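Per TrEMBL, these features apply:
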- 23-43: transmembrane segment (TRANSMEM)
- 36-309: domain 'Sugar phosphate transporter' (DOMAIN)
- 55-78: transmembrane segment (TRANSMEM)
- 90-108: transmembrane segment (TRANSMEM)
- 145-162: transmembrane segment (TRANSMEM)
- 168-186: transmembrane segment (TRANSMEM)
- 198-219: transmembrane segment (TRANSMEM)
- 231-253: transmembrane segment (TRANSMEM)
- 265-286: transmembrane segment (TRANSMEM)
- 292-312: transmembrane segment (TRANSMEM)
Amino acid sequence: MAFSSVAKGSNTASTVSKADRKAALDVGAWLFNVSTSVGIIMVNKQLMANYGFRFATTLTGLHFVMTTLMTVGLRFMGYIQPSHLPFLDLAKFALCANFSIVGMNVSLMWNSVGFYQIAKLSMIPVSCLFEVLFDNIGYSRDTKLSIMVVLFGVAICTVSDVSVNAKGFMAAVIAVWSTALQQYYVHNLQKKYSLGSFDLLGHTAPVQAASLIVAGPFVDYWLSDLRVDHYNFTFAAVFFIVFSCLIAVGVNLSQFICIGRFSAVSFQVLGHMKTVLVLILGFFLFGRQGLSMQVVMGMLLAVCGMVWYGNASSKPGGKEKRVYSLVSDKVPKSIDDEELGVKN
């Protein structure tokens, strides 16, 4: 009896230790993503606003070149092991990712800032739809309501003028669906092929780097009527370009880590913390826009929604895979069935 109690206590301590370790790693992953994402936005604002480098697609290509060099170094040091990712899955991922990048740039150019922000917010419902359709994920009422609170709070912060036109609407639709699908693929491919974040990045970064470096200058010329080869590359501009590329390595890696550990929906919901931080840092660093009472209230509402989402989705039944019966693939089993004595 004493031995059994000691063994049970040891197992409990081990479980708690694993849970604490996972929680610490989760927090670390989020902090890594938030800090690098906010950092790159601040650096890119300096680069584009103060040095006139308006070649966003080409810059993203350079980001993936730097990320590719990082993965080559990690492979040489043994941190990335040989792994297999079918070419068709790799091509689908790269296509969605590149459409996401170009679509977002085009959407921002053709739409008002208000409609652009609404389009970004709609990624959460689209990501939820993918999880429901492809992974049979179910959401509790509290989880759904918390997502709505986050969306409403961020909308108050960011949405002002809202005007839309046909071509801008199509660009936004392409951007939203391709981004949500790309983030779903990050989570799905890691689980499906047992790939770590470094492994998946090692497969995808070279393909994205090659495609964006080739297509980027043409896309940027189409968007801005400016040629990257005519840009005056001063020392300060080159410094910020290199700095942006270095931070982008952390952004790309942390995105894969976070989506791999959580899901695309959780990444989108809690990722709006970055929007709040960008607004605050933009006020202190650039001073162009005051924090009105409306913006402050929106921030508080969004943060409350994020805390609520984290609590609601972690509870049993808050967000989990549905288990379907053997008799019918369309009717999920539930606790209510068992309580009523219904057997499938």
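For all residues, glycine too, the Cβ spot is worked out from N, Cα and C.
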Worksheet item: Among 55-78, 90-108, 231-253, which stretch has the most Cβ pairs under 8 Å to the transmembrane segment (168-186)?
Response: 90-108
Discussion item. Short question: most Cβ pairs under 8 Å with the transmembrane segment (198-219), which of 55-78, 90-108, 231-253, 292-312?
Written reply: 55-78
Discussion item. Restricting to the domain 'Sugar phosphate transporter' (36-309), what is the model's mean pLDDT?
Written reply: 84
Discussion item. So if I exclude everything within five residues of the ends of the transmembrane segment (90-108), which remaining residues of that chain have a CB under 8 angstroms from its CBs? That is, six or more out.
Written reply: 56-57, 60, 116, 119, 168, 171-172, 174-176, 178-179, 181-182, 185-186, 189, 203-204, 207-208, 211-212, 215, 219, 223
